[in-house]
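Reviewing the structure listed below.
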């Protein structure tokens, strides 16, 4: 179908971007998950003059989103609610990403695919569950970086994709693909300009991280690679297959799965900027599989976005066929019907997510606030999931999963599990307090030495279980 020259579709997509961002913010403003709170604490510590660290005095890079943490610092300085601010940034990024996808669809002569991708992107399965993290900003930066590269703007593309890489290092793959795109379409000089801009933008931050932390790579990478191999762990690829199977079992999503297959044909046949973005997302999934990381759900946002784009390309192909057979009106009818069907399926998944928030957040927040009110500021706290508890307690944290203390990773590499890592961390660091749910993760009450050293001082409601979340005071 031909590209519509009127500005009305642009205004319509912009209106959708604003509306969807606003509605999603209202629906999900109080939701989140544990991992982003690690990044929030880096921002708070820097704002309070404690340095760009998680635990004051410990220069360890444990956030995979350093630029995102820096973005949050001004908000932390004025005492803003960082989880709420981050959710707002995320929903706004969804809107910005929608506009970028629409523009790329039009640039590639596939306005139906652009419109479908723009409408569906904010509702992408598994992506909305990552709200609170940097994922949505990262995707928006990548999309606009590809848009600028396709639009032959190497300077802008370089700045945007450098920012994406500093937000999440795995955007480096997008940098390579955009550079090759510029080289193929525009020649050596624009490609070199692009590469120089990326380097000049990103390298000062990399050098600063190397000087400050001793390495620009977060210690969490090694931890998350090791966690895939521990008993009960699961690799990224196995997790992706499991989640796609779960989506297939969701009946409203099945028609879109067919559109994804059709979209692969369209992507290979017509190519264009949307196919480039879809290809990047699939390459991103392959890279994560090769890295051997575990299957944290927030890793699947990019690949699910790619599948959404492929489905949009499938709608374009069927709309084009409808136009050839029955004329323009038939093509528009096919496009409209398929987009409405896809929106219904995606909307049902978003509704399910809104009704089923992460139940750990309120329990962990209450634990963190209890620690802030009832313990000394320098009292060390050990727990398995440090994000929410550490953010609200602002106490030095001992992490049983190896995200903060790199030496814990050695336990996983040697074949140990979370209990082995927890026992090693407790023995080495001897925290004054331990937060744990003994029903879910038997630890204190199942070890005579720990049971003798640690006394329960608080039992807080945990909506996940019939038994409470326990806080222990330990005397070593």
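Every residue gets a Cβ built from N, Cα and C, even glycine.
Taken from TrEMBL, the feature transmembrane segment covers 12-28 (among others).
Marked as transmembrane segment by TrEMBL: 110-143 (among others).
Here TrEMBL flags 155-183 (among others) as transmembrane segment.
If you look up TrEMBL, you'll see 190-213 (among others) marked as transmembrane segment. Through the fold, the transmembrane segment (190-213) approaches residues 52, 59-61, 66-67, 149, 152, 154-155, 157-159, 161-163, 165-166, 175, 178-180, 182-183 of its own chain, all at least 6 residues removed from its boundaries and within a Cβ separation under 8 Å.
If you look at the transmembrane segment (250-269), the same-chain residues 6 or more away from its ends with a CB under 8 A from one of its CBs are 113, 125, 275, 278-279, 307, 309-318, 338, 341-342, 344-346, 348-349. Feature annotation from TrEMBL assigns transmembrane segment to 250-269 (among others).
Annotation comment: TrEMBL describes 274-291 (among others) as transmembrane segment.
The list of residues near the transmembrane segment (297-319) in space but at least 6 beyond its ends in sequence, with Cβ under 8 angstroms from a Cβ of it, reads 1, 33, 35, 101, 105, 110, 112-117, 120-121, 124-127, 129-130, 133, 135-136, 139, 236, 239-240, 243, 256, 258-267, 270, 274-275, 277-282, 284-285, 288, 331-332, 334-335, 338-339, 342. Among the features that TrEMBL reports, transmembrane segment is placed at 297-319 (among others).
According to TrEMBL, the transmembrane segment annotation covers 331-354 (among others).
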Cβ pairs under 8 Å between the transmembrane segment (12-28) and the transmembrane segment (331-354), at least three: yes
Contact check, the transmembrane segment (331-354) vs the transmembrane segment (155-183), 3+ Cβ pairs under 8 Å, seq sep 6+: no
